[in-house]
């Protein structure tokens with residue numbers, strides 16, 4: 001960095017420390033990833049200076065010719081990537097994308113079905129602390145107590161009973177394949193609209209490693225980071241018949257000017273995801289996650305639902321007498337970054353939790369393969385087996401540092 005150290009040494013120091021944290025720790029938060037230098041360059045471009053309210057060819061400001069080119073490329077690439085008729089690349093986040101869809105098909109007080117946050121859903125799917133649970137009437141569905149997989153019979157029963165206007169499929173802490181076709185059958189029976197939130201699995205969907213809801217559902221939303229390896233942002237996919245209402249719900253409905261530098265970075269990420277190498281990347285993400293789950297099972301830990309079909313693993317640490325917060329904080333001390341997470345039918349409050357959520361996208365981007373992930377999994381188990389012994393913590397931290405030195409982060413920095 002050339003100018004920041006002098007202009008704002010405090011911010012510069014914090015950014016350098018963050019570089020060091022990412023370099024010296026194993027990033028295993030399932031919703032995080034590392035963007036390429038090309039994405040980072042687009043993100044830090046002079047497009048951050050440009051206001052471009054409206055849409056390509058229909059702006060409220062002059063001087064938007066280049067912004068139009070950028071947004072049009074992002075739209076076309078998103079449509080190609082997911083096989084969609086329509087794409088809106090302006091949402092600032094996945095939460096904004098979800099809210100735009102709600103505004104497009106629901107009125108205040110209308111009921112909708114969404115996955116229970118405590119069972120792996122997302123707070124924007126009807127949590128009482130979120131606007132989705134305050135303006136509308138959410139009806140939560142969950143997982144089966146024995147299999148810990150989505151209970152489609154319960155969804156059908158709730159749909160018949162409540163006749164919701166919208167059914168939301170998608171999760172933030174669910175490791176199994178989602179059967180979108182079953183959701184479609186249920187929605188058709190009760191006359192409900194369908195929204196799929198594929199924020200976590202969009203990379204798997206775009207490469208064919210998870211069934212796609214595009215063309216089957218009325219609306220599909222996603223973030224552009226996580227498995228897509230783009231900047232933090234949102235995306236809406238739908239059919240052309242919904243273009244007018246969705247565009248108006250994003251702008252001027254819930255947003256003003258789009259973040260054009262972010263949209264430029266989204267366009268770059270979409271182009272990267274259209275390349276053959278990206279499909280190979282997702283293949284390794286999945287192999288790494290399966291390896292991680294297998295290590296945990298072999299070491300006597302309980303993996304929620306018994307394994308994984310995607311990029312994440314939900315681990316029940318209560319079997320070792322730990323809470324999620326104890327496990328996550330302890331792992332952080334030895335250089336492994338995860339997050340505490342509730343597990344289905346958790347007896348602990350969310351702020352404490354009984355589980356941790358681990359993901360493989362970031363480490364796969366960094367270059368780790370299944371053999372490396374086996375080592376990582378064993379290091380995690382070594383720590384959790386004896387989290388309070390200083391000698392054990394020191395040994396595990398040394399193992400983590402061996403891996404981070406083997407896979408440096410230079411390729412993800414601009415300087």
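Heads up, the Cβ atoms here are built off N, Cα and C, so glycines get one too.
Now, the feature entries from Swiss-Prot:
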{"type": "BINDING", "residues": "117, 121, 122, 123", "note": "(6S)-5,6,7,8-tetrahydrofolate binding site"}
{"type": "SITE", "residues": "225", "note": "site 'Plays an important role in substrate specificity'"}
{"type": "MOD_RES", "residues": "226", "note": "N6-(pyridoxal phosphate)lysine"}
Tell me the Cα distance separating residue 225 (site 'Plays an important role in substrate specificity') from residue 122 ((6S)-5,6,7,8-tetrahydrofolate binding site), rounded to the nearest angstrom. 16
Would you identify the secondary structure of residue 117 ((6S)-5,6,7,8-tetrahydrofolate binding site) according to DSSP, in three states? helix
Considering the binding-site residues 117, 123, which residue's Cβ sits among the greatest number of other Cβ atoms within 10 Å? 117
Using a Cβ-Cβ cut-off under 8 angstroms and a sequence gap of six or more, which residues of the chain neighbour the residue listed as 'N6-(pyridoxal phosphate)lysine'? 30, 31, 32, 33, 199, 200, 202, 203, 361
Rounded to a whole number, how many Å is the Cα of residue 123 ((6S)-5,6,7,8-tetrahydrofolate binding site) away from the Cα of residue 225 (site 'Plays an important role in substrate specificity')? 18
Can you grab the distance from residue 117 ((6S)-5,6,7,8-tetrahydrofolate binding site) over to residue 225 (site 'Plays an important role in substrate specificity')? Cα atoms, rounded to a whole Å. 21
Near the (6S)-5,6,7,8-tetrahydrofolate site, what residues other than 117, 121, 122, 123 in the same chain have a C-beta no further than 8 Å from the centroid of the listed C-beta atoms? 114, 115, 116, 120, 124, 125, 126, 127, 130, 171, 172
Who sits close to residue 121 ((6S)-5,6,7,8-tetrahydrofolate binding site): which same-chain residues at least 6 apart have their Cβ under 8 Å from its Cβ? 114, 115, 127, 140, 170, 171, 172, 174
